């Protein structure tokens, strides 16, 4: 083969290789385009199902090792349309209480970053339920948890997290600087009320969707305080009760009507022989019912009911099944304050059904231990101590604490009635458990159902002391 033939042969081979390579590249491009078309079609199909992808990323230190955790969840999208919560439904008929949530925050906090808290409560919008709580500006098992038995300090803040989750810096939302608080949703936005400042001049800061809208200055200069549970929204107006004055004698009690964070009306209760603190309130057929704590002289609970014009009625739960702590043994009740063991108290709640009442209370008469729900079919109006149903939720041997009511509106549940629910604070640490340097709590919650329920104990369950306590 002469040199020219060699050149022609080599050129032909190179051209053939080039053509083959070009064909392969064109095939690759076509393959990628087809694959992309299939994926795009699949994504469009997913969009029809109205789903969204949410990625949670959490970075932390574990035993001096940096760990980055990424968790991608595909969840069905919800209709986030705003609506006014009517609040005009009656309470759902119920036979008992089903466990709804348990956050186990003290157990988790022995090894994880969990806030030191107290006064947790739950409130629901038409889309979700959230746990609100008052932090101490500290984490469990950390040096700043020392001395957190104190109720009022400049480090306390109202925060919230998804219900059932342990409150941590990674899942919690700041709401307000506060050592006393309330919150509720009107269907369009969250109203938060946070009280902070000195005992003789505290100020309540009202926020609507996170923006300050109003302030209320202490009018008696004696520890302005509010509910430590959810406020109530009816037809676009939200209602809350505040107390200012002595905790062991007559004080001043005011109801506030609030629209989009602005106060539109307020009244002072004429109740010289009653004592209202830390009220647990709920809507029922367009009115608001509040069951409160008498820290002055009643071992039964006071109540106040009012309409949207703030026309009100007051009284005490008449049942001989007493709801406060401390309290005497069940016996003869009264529609006025029951003075036996009437001093001091604990935040609590009840639900009225006509002449009957569901009473939530500690199982112990003298300490914040255990918790039970009792159905007294005539307890709202009659003074005997007969009851039909008792459901245990925390055993006598386990710590409890504050408790309060919250409701789930029909706009959330799809029911044609207002579902009654409650939460129980499970306090751990000081002052009762002196092996610790801190005070905090976890929480459980239950909702009323017209089906089978169970007696059991859902305690906090943390093993104390922690490393920081030793």
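Every residue, even glycine, has its Cβ placed from backbone N, Cα and C.
These numbers come from a predicted model, not from an experiment.
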Among 248, 324, 330, which residue shares the Ca(2+) site with 294, 298 according to Swiss-Prot?
324
Measuring CA to CA, name the entry from the recorded positions 129, 278, 417 that ends up nearest residue 298 (Ca(2+) binding site).
278
Nearest-integer angstrom distance between the alpha carbons (Cα) of residue 335 (disulfide bond) and residue 294 (Ca(2+) binding site):
13
Given that the record lists 118, 152, 277, 278, 293, 368 as binding substrate, what is the largest C-alpha to C-alpha distance among them, in Å?
21
Give the sequence-ordered set of same-chain residues, not counting 294, 298, 324, with Cβ within 8 Å of the centre of the Cβ atoms defining the Ca(2+) site.
275, 293, 295, 296, 297, 299, 300, 301, 302, 316, 323, 337, 338, 342, 345
Minimal Cβ count within 10 Å, across the binding-site residues 293, 368, points to 368
Out of 124, 129, 152, 417, 421, which of these recorded positions is nearest residue 290 (disulfide bond) by C-alpha distance?
421
For a quick check of packing: other C-beta atoms within 10 Å of the C-beta of residue 324 (Ca(2+) binding site), how many?
26
